[in-house]
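These come from TrEMBL:
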{"type": "TRANSMEM", "residues": "23-50", "note": "transmembrane segment"}
{"type": "DOMAIN", "residues": "39-288", "note": "domain 'G-protein coupled receptors family 1 profile'"}
{"type": "TRANSMEM", "residues": "57-76", "note": "transmembrane segment"}
{"type": "TRANSMEM", "residues": "96-118", "note": "transmembrane segment"}
{"type": "TRANSMEM", "residues": "139-156", "note": "transmembrane segment"}
{"type": "TRANSMEM", "residues": "195-223", "note": "transmembrane segment"}
{"type": "TRANSMEM", "residues": "235-258", "note": "transmembrane segment"}
{"type": "TRANSMEM", "residues": "270-290", "note": "transmembrane segment"}
Amino acid sequence: MSNRSTVTEFLLLGFSDTQELQIFHFMVFLVIYLSAVVGNFFIIVVIAVSNHLHSPMYFFLLNLSILDLSTVSVILPKSMANFLLNTTVISYSGCAAQVFFFHVFGAADLALLTVMAYDRYIAICKPLYYKTIMKSTTCIQMVASAWLSCVPYSALHTGNIFHLSFCKSNIIDHFFCEVPQLLKLSCSDSYFSEVAVLALSSILVFICFVFICVSYIQIFIVVLRIPVKEKQLKAFSTCIPHLIVVFLFVSTGSFAYLKPASNSSSSLDLTASVLYSVVPPVINPVIYTMRNNEIKTAMRKL
């Protein structure tokens, strides 16, 4: 690429450059990463080995845990290595890989959350047709589509970003290679092509969010008509965790990408990025297990 002659590596300066604080940040990120790995891996194992959890809802949850595990593994290990080794360097190709895989897993995450909303809609609003509509082959096709459709999207995103010329600086005011931060470094005429891709991304996110909202509006209408209180609570218990995860992911991600750009990174920028990139993989296992008696029962058996 033409910009390799200008920038061959980037410097990640999202946190303090004081060595003592870097060790502290390493320990914090290590605890966060291990929590995400253990929590999501445990859910994967529990669903895989428990025969009574082999249903569409838990199949989607298993894939969501795989995505969360992959997302956090794209950004945290490199940040932890930099903190531990007292360096800030990330190679040009390493930064490109971060952008590509982070967007593959992030977009697939949103697509899967949309599929999970559809699954709950069919289960609650059309229970007699559930087994006919949500067949195992259909579920596999949905998950495969969620994964594979995000690869060309992310390739377009990454290609647009690294086609730009980074001649202003190679310092990224962040702890990983985030697209808004990279755009600040560009002085290329093709800058607006990436803005167009970001606009397209916003439209796709909005469509998914509207689909999820419409699905749950119909779900709540049906649930509130159920005369038995216990059945109402059981239906809500399968929906509320999903809604919490969707709201946290969409709200923090939208804030990080759509807020007006500033010349320097702020604590608010870092907080928003941590909330949408690092926090969901950690708390999703907690959210889904706290209100799900079937998963808690399977965990006790293990």
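Glycine is no exception: its Cβ is also placed from the backbone N, Cα and C atoms.
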Contacting positions for the transmembrane segment (270-290) when only residues 6+ beyond its ends and CB under 8 Å are counted: 14-15, 32, 35-36, 39-40, 42-43, 61, 64-65, 68-69, 71-72, 75-76, 102, 106, 109, 174-176, 178, 241, 244-245, 248-249, 252-253, 255-256, 259, 296, 299
The transmembrane segment (235-258) touching the transmembrane segment (139-156) per 3+ Cβ pairs under 8 Å rule: no
Top partner of the transmembrane segment (96-118) among 23-50, 57-76, 195-223 - counted as Cβ pairs under 8 Å: 57-76
Residues of the parent chain within Cβ reach of the transmembrane segment (195-223), under 8 Å, 6 or more residues beyond its termini: 110-111, 113-114, 117-118, 120-121, 124-125, 153, 156-157, 160, 179, 183, 232, 235-236, 239, 243, 246, 250, 253-254, 257-258
